[in-house]
Ligand SMILES: Cc1cc2nc3c(=O)[nH]c(=O)nc-3n(C[C@H](O)[C@H](O)[C@H](O)COP(=O)(O)OP(=O)(O)OC[C@H]3O[C@@H](n4cnc5c(N)ncnc54)[C@H](O)[C@@H]3O)c2cc1C
Ligand SMILES: NC(=O)c1ccc[n+]([C@@H]2O[C@H](COP(=O)([O-])OP(=O)(O)OC[C@H]3O[C@@H](n4cnc5c(N)ncnc54)[C@H](O)[C@@H]3O)[C@@H](O)[C@H]2O)c1
């Protein structure tokens, strides 16, 4: 049995804990798959490389609106796929080589706790004074009759398929349905989205979610309040039987994408055998400093939290790194403002309280909504559907939440995230800084001035 000072379980965000300050420790990394984890290999990075490509196709198709008569002659799926993964795939080998060259043992089989602070890495038992558990999450597969008998994709596989499908059915109506729906439909795939709830992107502010659902429904088939009751194989793909408010429908498609959420990988790690307390969703329970129920075992990322976002996992890895170095001065995540963006069309970005959440929690609020069309750049875009929405505290006028749907939403929201993080009031952000004219940020300025 080998003993280490530090063992990292999972080399996604956990790998970032290991900076030069910890180089003196005898360390092992257990990673059965690819260094970089979900984000680099099958998540944020490749999906956004596809999204940017899809934006180009969509831009060409829509240019006629502005009087530029372009079009999409051909989408070379294989060339796009290979361009993306030829950049990503070599990074794994170089990351492993780098770690090994620096004296770190890399185990390439899955780790599994067999007792508190004892892990079976493949067939070898290892122990450590300190563990950092960051084993991430994986796609949930719903229990639908027939699904296990048909070929289907999840986000893990759909970006590497050989040919662009003529048609695709998507089960789910969240982040991945929105982003991959944009990618495949922009490339010319005929899309049907089957969503259990009454709108797409149900977790967004209801006004944003309603606008997005309306816009997507104009472009392709969207079945809402829909339950897939069975799936069967057809000669040229799959057929889904879907129960909708209007009655049963059959959806036929060449390819099926399943994206109904993700679950933490703590079952495969046998976190319970390691003595780690889990919540009802299988997430590892930690305190605010990311200490688990076992002294010396820390945990972060998708295995821990409900955000399932890379910037949150990154922030947590920085906190854990600090805490390993400074056990007498542990930090917590100082800033609990957790923004996100959905890189779809139109883009969506959000931070803080939604209007429905404010009502549910009986929180008093001021709200303002400004259309992009009210700002000069919105005119230039000939935009008719995008808006900025801001919620503020009526007493101290701090910003409670912000929600944007439209071009560049993920970038436009950043000053509002900053204001919330720094406790600035809507008036300070609106009046104490200059907004570049005629940038789209003027829509943000106008929404703030309206409060
Ligand atoms: C399609 C898609 C797009 C996304 N886009 C975005 C985005 O645009 N922005 C954003 O913020 N977030 C995005 N996310 C979410 C983001 O990828 C995750 O929040 C992030 O990767 C979580 O990091 P992590 O280190 O916790 O887990 P992971 O990155 O999943 O890393 C966990 C690692 O642990 C390893 N592991 C698993 N089991 C074991 C075991 N038993 N022993 C040892 N190692 C193990 C895994 O192989 C993996 O490498 C996206 C996710 C998906 C699926
Ligand atoms: N831009 C980003 O930050 C980004 C992009 C992609 C993924 N992610 C992360 O990955 C996670 C997983 O994404 P996701 O889209 O799989 O999950 P999600 O939680 O975003 O959405 C799942 C959707 O599926 C629906 N659903 C659940 N069961 C269903 C069923 N049986 N039939 C039909 N619909 C059903 C739900 O109503 C929900 O709308 C996200 O929560 C997010 O944290 C982030």
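Backbone N, Cα and C atoms are what each Cβ position is placed from, and that goes for glycine too.
Going by TrEMBL, these are the annotated features:
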- 437: active site, proton acceptor (ACT_SITE)
- 48, 111, 302: FAD binding site (BINDING)
- 39-44: disulfide bond (DISULFID)
- 4-315: domain 'FAD/NAD(P)-binding' (DOMAIN)
- 339-447: domain 'Pyridine nucleotide-disulphide oxidoreductase dimerisation' (DOMAIN)
Three-class DSSP assignment, residue 39 (disulfide bond), comes back as helix
DSSP, reduced to three states, assigns residue 111 (FAD binding site) to strand
Here the recorded positions are 39, 44, 48, 111, 302, and the Cα closest to that of the residue listed as 'active site, proton acceptor' is found at 48
Same-chain residues at least 6 apart in sequence with Cβ under 8 Å of the Cβ of residue 111 (FAD binding site), in sequence order, are 7, 9, 30, 32, 119, 120, 121, 135, 269
Across the domain 'Pyridine nucleotide-disulphide oxidoreductase dimerisation' (339-447), DSSP labelling yields 40 helix, 29 strand, 40 coil
Residue 48 (FAD binding site) and residue 39 (disulfide bond), compared by Cα position, are separated in whole Å by 10
Same-chain residues at least 6 apart in sequence with Cβ under 8 Å of the Cβ of residue 302 (FAD binding site), in sequence order, are 38, 136, 137, 262, 264, 308, 313
Comparing local Cβ density (other Cβ atoms within 10 Å) for the disulfide-bonded residues 39, 44 points to 39
For the recorded positions listed (48, 437), most other Cβ atoms within 10 Å of the Cβ sits at 48
Taking every pair from 48, 111, 302 (the record's FAD binders), the biggest C-alpha distance in Å rounds to 30
Among the recorded positions 39, 44, 111, 302, 437, the ones with a Cβ under 6 Å from any atom of ligand 1 are 39, 44, 111, 302
Averaging pLDDT over all residues of the domain 'Pyridine nucleotide-disulphide oxidoreductase dimerisation' (339-447) gives 98
